[in-house]
């Protein structure tokens, strides 16, 4: 019934949303447009900020890379804070709306600082060994960081709440809309790619030829456009109703109650554990999960003591929790190992966004005699491929796989993540091999001390596209798979927070990158002539190839751990009031354990 009322979702006026008037593919397309504009505005920062910090603000390359990874890490870690606010107090729609304008303000401040010389250090070529460049400091440094971290905060809000708000436009209990929601996550990556393609070509070209101020200004306009597109969809959105009490708090209550009841004996029959009466509470929108035998120590949170036998009495939620509440805590706990196994992939991504871009400045960037590709535009290669392959994957490959597996997404979420982890290891291996080749060209041509940009090596920058291409495909599998995995497995009150598992994983990866670079430099200080594998601005005399090889080996070890984690993971089985099985999870309900490279039974 197209006029069916949607439980737990309202329109912008607070009236119960209906299928025929609210949500679906139309409003979700506007949400995708907003995400594309946000990525158009911010994607360029990930690939050019190292150059901006190095060439304009006069940080050396290693410090510039650290500043950029710190910014990226902060952007992702802030998603947790915004997600909790969105799921608990202000709602996902409001969180996205406010975040759009915060990011708009931050980008505007970056454009303002880049335009006026008095807010920047004097012009100086930091790559010239004879120059003595002044590094940004004082009020100008404060302005730089305020602007940059406003962008980080705004971007965090959009990343944490926009995917969940988009998925809220679909009813996962409706088979047709469940498949549409799966496609939405694929199209979400396509939106990222479309925005990223414009960002890494048009905006990078503007920065290279018109100046940093114009580049940041165009990013500001893109964010403004994204905010307007998002507001246009307001009358047609399905807006999730927040409870006003934190679902995170309910998870903590389970752990506190389990600790307080640690001396109690678990009943032999799990049906003796506390749960509200499903038939008696059928009139309220309640979620029910069956009891599982994992993490049994948490079951003690649901032990009914003698004083609690009468349900009419006020129940202390910090001493007695529902079975469903306990099962939600178990699900989040079981997701943590999967979360941890994706951190190394982001550690590898951080190197492609920093050191690989700087490698490009030492190479021949010519496409023709009169046209040069900026190294910061190299990510366009995997992006273009993804723009082509994502529709093919979603419209052709997934339906074919669905026929064989019976799974709405074609393959399981964890299978998809595993493929991406393998590809990331291959990408780092390719990066190491290429760096050996690049240094050999520098050595053969007596150009070990060549100045990047002014004296390019006789090797095409397009060699770098191999590692970018492989990692781009890894992105399609791992990051989209993780978003869908976390969204599908998390309690409905924690959908935004669940998205933050991905962003937090990326945040830790970026922060870990900063730490790893410093540790590697310190550990190799006395064993290399350059004073460390990654020390200084001369890539021809450091040992970036060994660093990439180390990351490749670390990625392989990480994948072995992931295989163990994935085989042990048990998907949730969710049942709504009245005994209806969640159709989206139903295809996975019989799974106890699986091999990520075999068909799921």
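Every residue, even glycine, has its Cβ placed from backbone N, Cα and C.
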- Query: Among 121-141, 142-162, where does TrEMBL put the label transmembrane segment?
  - Reply: 142-162
- When TrEMBL marks a stretch as transmembrane segment, which of 29-53, 254-278 is it? 29-53
- Task: Report the listed stretch (142-162, 462-487, 499-520, 546-565) having the maximum count of Cβ pairs within less than 8 Å of the transmembrane segment (331-352).
- Result: 499-520
- Among the ranges 29-53, 183-206, 212-237, 413-434, the one whose Cβ pairs under 8 Å to the transmembrane segment (142-162) are most numerous: 29-53
- Task: Using a Cβ distance cut-off of under 8 Å, indicate which of 93-112, 183-206, 212-237, 413-434 has the most pairs with the transmembrane segment (462-487).
- Result: 413-434
- Message: Within the same chain, where does the transmembrane segment (183-206) have neighbours whose Cβ lies under 8 angstroms from its own Cβ atoms, ignoring anything closer than 6 residues to its ends? I mean 6 or more beyond.
- Response: 28, 32-33, 35-44, 47-48, 163, 166-167, 169-170, 214-215, 218-219, 222, 374, 376-380, 383-384, 386-387, 390-391, 393-394, 398, 475-476, 479-480, 483-484, 487
- Task: Mind checking which residues of the chain, 6+ beyond the ends of the transmembrane segment (93-112), have their Cβ under 8 Å from one of its Cβ atoms?
- Result: 34, 38, 41-42, 82-83, 85-86, 119, 143-144, 146-158, 160-162, 165, 213, 216-217, 219-220, 223-224, 226-227, 230-231, 234, 237, 239, 496
